[in-house]
Ligand SMILES: Nc1nc2c(ncn2[C@@H]2O[C@H](COP(=O)(O)OP(=O)(O)OP(=O)(O)O)[C@@H](O)[C@H]2O)c(=O)[nH]1
Ligand SMILES: [Mg+2]
Ligand SMILES: [Zn+2]
C-alpha cells in the first residue's frame, strides 16, 4: 500500500502497520540494540530495531521508522541532533542521550561520591554546551552532610548551581526545588549507583514507576537498580509557564571516559581556565609544563585548585592515547 492509499484507507492505526509508510517518533528507551519509540501520534510505544548492523541510536533521538508488526518497527533514519552526550575509552563509546538541554549530576551524602566522576561530568556538560546542575541528595543523613558540603564548595565557587534536597525525608521541598530547575528542559540524570536518580524520577513523575533500589532488593536482582536509559515526559503542571520537558534516567556508572574530546575543547571546559587562555606565552600552550603558562601560574598561586588541574592533565593524557 502506498502512502496515498493508506491515507485513503484512513486512520493512523492502518498506516502504522504499513511497512512502507514512514512514521516519526522519539526514542524513549535503549537497551542493547532494542529501542522503544514513542510515536508522534501519541500511540503506545513500540519496540524498534535499527536497520543495519551498527546501532547508533540514542535516547532522545527523533527517528523515522516503519512498522513491521502491530508493536514492532524498524528505525530507518535518525533526525539531526542538537547534541549527543556519550562517554568513550580507547576502544569504544557508549551513548547516554541526544538532544539535551541540561545535565543533572546526582550526588548524595552517602554513599561517598567520586569527585573524579563529578569533574568529568562537568567537563562533558561544558563540552556539549549543556547546563550542568549539581544535586546533593540525602541531606537527611546529617553525619555525612558537612563533608559533602565542604567537597562541593569548590564547585559553587566556580559558579555551578548546587542544589540540596532530601528526596525521601522532605519530598515536598525537594519537589519544589527540582521542578523549578527541571521544568521546560530536557535533562539527563547522571550519577553513581545509589545516589537517588530513579527516586527523583518517581518523585516528579509518579507514574514513572522507575525501579528504585527497594524494588531491586525485593527482586534480589543485584546492586544496580536501573539497567537501561529511559526518557520520561514531565507532566504539565497547572501553574502557568511550566512547559513540561523530560527527564532521562540512566544506570549508575563507575567510569566516565572522555577520549573523544580534543585538547581545545578540554581547556575551554574548565571555566576557571578560560579567562587565562589568552595570557599564556605560547599560543599553542598545553598548560602542562610550558614556561609562561598563565594556567600553571594560577595553580601556583592558588587561584586554580591543583585537583582541577590534575583532572585536566589526566584528561589530556587520556586523549593522547587515542590513535586518531
Ligand atoms: N536517606 C535517604 N535515602 C534516599 C534518599 N533518596 C533516595 N534514597 C535511597 O537511596 C537508594 C538508591 O536510590 P535510587 O533512586 O535507586 O538510586 P539510583 O541513583 O537510581 O541508582 P542506580 O539505578 O543503581 O544508578 C534507595 O534505597 C532510596 O530509597 C534520601 O533523600 N534520603
Ligand atoms: Mg536508578
Ligand atoms: Zn598555558
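Yeah, the Cβs are placed from backbone N, Cα and C, and that goes for glycine too.
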Of the candidates 179, 293, the one that TrEMBL places in the Zn(2+) site of 280, 285, 287: 293
Candidate binding-site residues 280, 285, 287, 293, pick with smallest Cα gap to residue 139 (GTP binding site): 287
In three-state DSSP terms, the structure that residue 191 (GTP binding site) belongs to: coil
Nearest-integer angstrom distance between the alpha carbons (Cα) of residue 193 (GTP binding site) and residue 293 (Zn(2+) binding site): 39
Which listed residue (139, 195, 280, 293) has most other Cβ within 10 Å, given these are binding-site residues: 195
Of the binding-site residues listed as 137, 191, 195, 197, 199, the one whose CA lies nearest the CA of residue 280 (Zn(2+) binding site): 191
Cα-to-Cα gap, residue 137 (GTP binding site) vs residue 285 (Zn(2+) binding site), nearest whole Å: 39
Close-lying binding-site residues around ligand 1 among 139, 280, 285, 287, 293, where CB distance stays under 6 Å: none
